[in-house]
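Per TrEMBL, coiled coil is recorded for A:51-81. Per TrEMBL, the feature repeat 'WD' maps to A:101-133, A:191-232, A:233-276, A:277-318, A:330-362, A:363-395.
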Amino acid sequence: MCDQTFLVNVFGSCDKCFKQRALRPVFKKSQQLSYCSPCAEIMATDGLHENETLASLKSEAESLKGKLEEERAKLHDVELHQVAERVEALGQFVMKTRRTLKGHGNKVLCMDWCKDKRRIVSSSQDGKVIVWDSFTTNKEHAVTMPCTWVMACAYAPSGCAIACGGLDNKCSVYPLTFDKNENMAAKKKSVAMHTNYLSACSFTNSDMQILTASGDGTCALWDVESGQLLQSFHGHGADVLCLDLAPSETGNTFVSGGCDKKAMVWDMRSGQCVQAFETHESDINSVRYYPSGDAFASGSDDATCRLYDLRADREVAIYSKESIIFGASSVDFSLSGRLLFAGYNDYTINVWDVLKGSRVSILFGHENRVSTLRVSPDGTAFCSGSWDHTLRVWA
Amino acid sequence: MQDDKTGGVPIRTVKSFLSKIPSVVTGTDIVQWLMKNLSIEDPVEAIHLGSLVAAQGYVFPISDHVLTMKDDGTFYRFQAPYFWPSNCWEPENTDYAIYLCKRTMQNKARLELADYEAENLARLQRAFARKWEFIFMQAEAQVKIDRKKDKTERKILDSQERAFWDVHRPVPGCVNTTEMDIRKCRRLKNPQKVKKSVYGVTEESQSQSPVHVPSQPIRKTTKEDIRKQITFLNAQIDRHRLKMSKVAESKEPSQHRVKRWGFSFDEILKDQVGRDQFLRFLESEFSSENLRFWLAVQDLKEQPLQDVAKRVEEIWQEFLAPGAPSAINLDSHSYEITSQNVKDGGRYTFEDAQEHIYKLMKSDSYARFLRSNAYQDLLLARKKPESEQGRRTSLEKFTRSVGKSLAGKRLTGLMQSS
């Protein structure tokens, strides 16, 4: 009897779902049962993977991970700090707070520099987003977001707009205007929509596209003008906390870090994960590319920062000390890439020698956690934002 | 850290005026311990870390509400595990009210309320006006229980309880270390435990903390997720491994392959089997040291850094040193350069020499190899059964070999000119 022309001559309750439907005979382990059509189809597709239990798949994945580590280890002939012994040691390190930006009413959560190397945008827990002139410490613009905990903010490459978002699950773009009469909030454009909080956002090389990371475990690329989703990136098993775009002009990749302890490198055109690194022991709070684009650093709640090389496809350095027991919330490289600035939850900023793996300096000054840290585009200074309501510019 | 005998800080009972202060440590002791055990060079760092530990609530100064660490004789006490912040307490205002109330009932100078605490109490009285009788009763019950305890024990417990509240209801102006990053709130280990009352008071209306987003179910990994992961891992492993062609392993090289060796010197060097054949030919001519030197230098370039120096020495001894067993023929200029390089011993010590030998092999040995019987036989896919050869007449052999060498010349001539 051909499948296409079976006659329904049995009507009754399905042996699987117990609903009253037209039934077909189905053979399971030489026992005849009666399933309704949908259940029969499900059974047919399930059968393909019948022998694969969750446990067997997991053990297969584990053994593959082991093999991958073996392959990676074959190229591992020397440690970074050993090769770096030939490199000249750094001179005396003197960096002080040169400006303190006061004005936020609550914890500062995020900040970004403008490409003009002078302006800074910062966002805080009370919903305020402020644009400052870092030389004069004047506030140039201020917007109040309708939500609290604005965890992400970014300056557009042109300097004409800012993007921000947080607990509202959205990323909004505000064009910056110097017209005093205009209400900035009126021109707001909602670009991204996620199903959970927005943890990070960044413009790509132009004002037209924004890359966002969210607590719903995904990253997404959006078109600013239309608000359309251009590409989404699935793969993280938990909240994505940070992202950074590759520095090249024709850049097509970015790295993201999440609460699943993984740092993943993505291809923006295909939406696929290209490389993944899972050596941290806790949430990755911050990732930043090395200036050349061949490596990236990450800061995590496990109190370490790590350097991953993309060509060697492995972790090549760990920056940690016994005396550092609080998580690193934010990292950034100096212009040359020789120094790594990392802000920690113990109110300090540690400066690491990237090549030698040693700590160059520890900077005190903030009175609460350092939540965000960025080096200026020309490398002459860096700015840190903290839960003590202030931002400090160091040089 | 607390046990003196196993390298911890000394905890003592200190005599002071008319009474004894039980179970204290000095600030200096703690700072010293931190510096020693966490390899901290700068005392400023140790004091900072100590202050943070105090601010979190694991250690506290016995006579100050402000939780900080000083490197002097100030006395500190360790907090009881019951009150540790790692238990993720989020004590309710009712508990705080009970506590402040209790303090006012006990007639002791040291338990007098500070200004900010008095203000807090007044505020709470207004807020809990209706429940105040209940709170008062709870406070009385607590005082009764406390009276039954031993005096010294009570001193310690009182101070620990006070430190607990200093963490959760900090002095105005102090950092509130219980504040959490909202992104991490969802994954608190024990969200249920948080709502438990410090004094075991059960209440119907436990208020929802505005900071806590109702905990979302953590996404369980499905079979599909793991299948995707397996595909990804396989792709990564393939990237790392260069799949060697199975043909390379076989003993009989195909005709195509043998022909390829005749295209250029590089082709034969690239192919493992080609190299072997060439080596065998050179051995028959007693000039195999050239190729062996070249191969050794290639291998040197791939050695791990720690072995490089050793290998350089070995190669020098084998091929170049005066009286070497496999001495290669280098002109004096090259020899000079190489012997200089050997002193530095890097991967590229023999670059110059290798290039010379390469040119030598290419112009001389390689050309002869292509004309050789061995190569020609392989090229024409001819198996040489020894018995058969014997049957050919010497004339046949002669004409054959002349023909071969002529053909070889023409072929190599063609190849090399193209």
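Any Cβ shown, glycine's included, is placed from N, Cα and C.
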Positions on the same chain near the repeat 'WD' (A:277-318), where near means CB under 8 A and six or more residues out: 72, 75-76, 79-81, 241-248, 251, 255-259, 261-265, 324-333, 335-337, 340, 342-344, 352, 354, 357
Beyond the flanks of the repeat 'WD' (A:363-395) by 6 or more, those residues with Cβ under 8 Å of it: 95-102, 104-113, 115, 117, 120, 122, 124, 132, 134, 329-336, 341-351
Long-range neighbours of the coiled coil (A:51-81), counting only residues six or more past its ends (CB under 8 A): 307, 312-314, 316-317, 355-357
Residue counts (helix, strand, coil, in that order) that DSSP gives for the repeat 'WD' (A:101-133): 0 helix, 20 strand, 13 coil
Intrachain neighbours beyond the repeat 'WD' (A:330-362), with Cβ under 8 angstroms and 6 or more residues off its ends: 80-81, 83-85, 87, 89-90, 93, 95, 285-292, 297-299, 303, 305, 307, 317-319, 321, 324, 368-375, 378-379, 382, 384, 386, 388, 394
Within the repeat 'WD' (A:191-232), residues counted as helix, strand or coil by DSSP: 0 helix, 25 strand, 17 coil
Surrounding residues of the repeat 'WD' (A:233-276) on its own chain - C-beta under 8 Å, 6+ positions past either end: 196, 199-200, 202, 204-205, 211, 213-221, 282-289, 291-293, 296, 298, 300, 308, 310, 313
Per-state residue totals over the repeat 'WD' (A:233-276) - DSSP helix, strand, coil: 0 helix, 23 strand, 21 coil
